[in-house]
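Reading through the C-alpha cells given below for one structure.
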Amino acid sequence: ILRTLNSWFWWENIWMPINCTWADFVDRDGLVFPKPHQLYATIPYAFVLLIIRFFSERYIAIPLAKALGIKNVRRVKPQPNPVLESYFRECSKHPSQSEIQGLAKKCNCTVRLVEKWFRRRRNLEIPTVLRKFQEAFWRFSFYLTSSIVGFIFLYDKPWFYDIWQTWVDYPFQTLLPSQYWYYMAEISFYWSLLFTLGIDNKRKADFLAHVVHHFAAIGLMSCSWCGNYVRIGTLVMFVHDTADFWLEAAKMFNYGRWEKTCNMLFILFAIAFFITRIILFPFWILRATMYLPTYYSTTPVIAYFLFNGLLLILQGLHLYWGYLIFKILKRFIFLK
C-alpha cells in the first residue's frame, strides 16, 4: 500500500510540465536540481535551531530583559497533592464551590487551603513576562536575520525585480547554494515552532491560526522544493519575514513597559504587514503563481492547483490577522 501511495504521490503528471520526467532532474551540465530527500535534513536542523534558541534565550534574552527592567518573578509552587493534581488535570482548573468543599473533605483540609492550592497551580500555567520576552526575542532574532540574509541572497537576482523571471527556463532552473540554505533554515524554523507548541506561550486569539500557518508553510515550502518552484518560493519567504520582526520587537518593548517605543514599533509593523501581506502578496506573488504560468503552459499540472491552494490559505490567514491588527489600531487611535 505504501509503495502504491508513493508511486501516486511522485507521479510526473502531478509535478512536471508535459514531456518532463524525474529523469530530467538529474544534475548535469552545470545544472543542479532540488532533491526531495534533502528535506529530511530539516528535522536535525530544527533541533540545531532549538539548541541555538536555548542558549540565546538564556545568555542574551535574559540579560537584555533585565536591561529593559523585566524581572524574573518566581511563582510559589503549591504543596504536592496527588488528589488535587489529578482533579486539576483531568476535571477542572476552576472547580465550583461545592466541588472545592468535596475536595477539602477528601484531602482532609480546609476549603481555604484547597482554594489557595488551585490559585497557585493556575498561576504556574501562566507564562511569566520574562518567558514571553524570551520567546519574542527568539522569533525577533530569526525573522530579522532571515530578512537580512534573504535580501542579501535576492537583491542581485533578476526575478527579485522582474517577477516574469521566476518562470523563465522553468523547470530547468539550477539550484543555487544560497537558495538551498534559505529553504533549509526556513523549513527547519517552522518545524522547531511545531515541536515547541506545547511549551510556548499559547495565544488565545489565534492559536489555531498559528498551527494552520505552520503546517501550511512547511507543506508549501516542501512541495515547492520538490517541484523546483524555488525562485518564487524564496520571494514568498522574504515577503513574510520582513514584517514579522517588527511585531516581535514591539512585543519585547511591551513586556518591558516601554509604551511609546512599543506603539511606534507596532505602527511600523502594521504598515509593513499591510504592504507585504495585503498588497504585495496577492497582487505580486499570487499574480505570479496563478496568472503568469498560463503564458508558459496551456495545461496546468496538478501541482499548480496544490500550490495556489496553499497560498490562498495563507492569504486567508493574512486577511484574518489584518482584521485583528486593524481592530488594535482602531482602539489605539480612537480610544488611546
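Glycine is treated like the rest: Cβ placed from N, Cα and C.
Note that the structure is a prediction, hence the values are computed from the model and not measured.
Residues or ranges marked as DNA-binding region in TrEMBL: 86-123. Computed over the DNA-binding region (86-123), the whole-number mean pLDDT of the model equals 81.
The annotation domain 'Homeobox' is assigned in TrEMBL to 84-122. The list of residues near the domain 'Homeobox' (84-122) in space but at least 6 beyond its ends in sequence, with Cβ under 8 angstroms from a Cβ of it, reads 75-78.
Marked as domain 'TLC' by TrEMBL: 131-334.
A Cβ distance under 8 Å defines the sequence-distant neighbours of the transmembrane segment (39-56), meaning residues of its chain 6+ beyond its ends; these are 137-138, 141-142, 184-185, 187-189, 191-192, 195-196, 222, 225-226. The transmembrane segment feature in TrEMBL is assigned to 39-56 (among others).
Annotation source TrEMBL lists transmembrane segment at 136-155 (among others).
Residues 34, 38-39, 41-43, 45-50, 53, 142, 146, 149-150, 153, 211, 214-215, 217-218, 221-222, 225, 230, 233-234, 237 of the same chain, all 6+ positions outside the transmembrane segment (180-199), place their C-beta atoms under 8 angstroms from a C-beta of that stretch. The transmembrane segment annotation in TrEMBL covers 180-199 (among others).
Feature annotation from TrEMBL assigns transmembrane segment to 265-285 (among others).
Residues or ranges marked as transmembrane segment by TrEMBL: 305-326 (among others).
With a cut-off of 8 Å between Cβ atoms, the residues of this chain six or more beyond the transmembrane segment (136-155) that come close are 49, 53, 56-57, 60-61, 64-65, 178-179, 182, 185-186, 189, 234-235, 237-238, 241-242, 244-245, 248-249, 251-252, 255.
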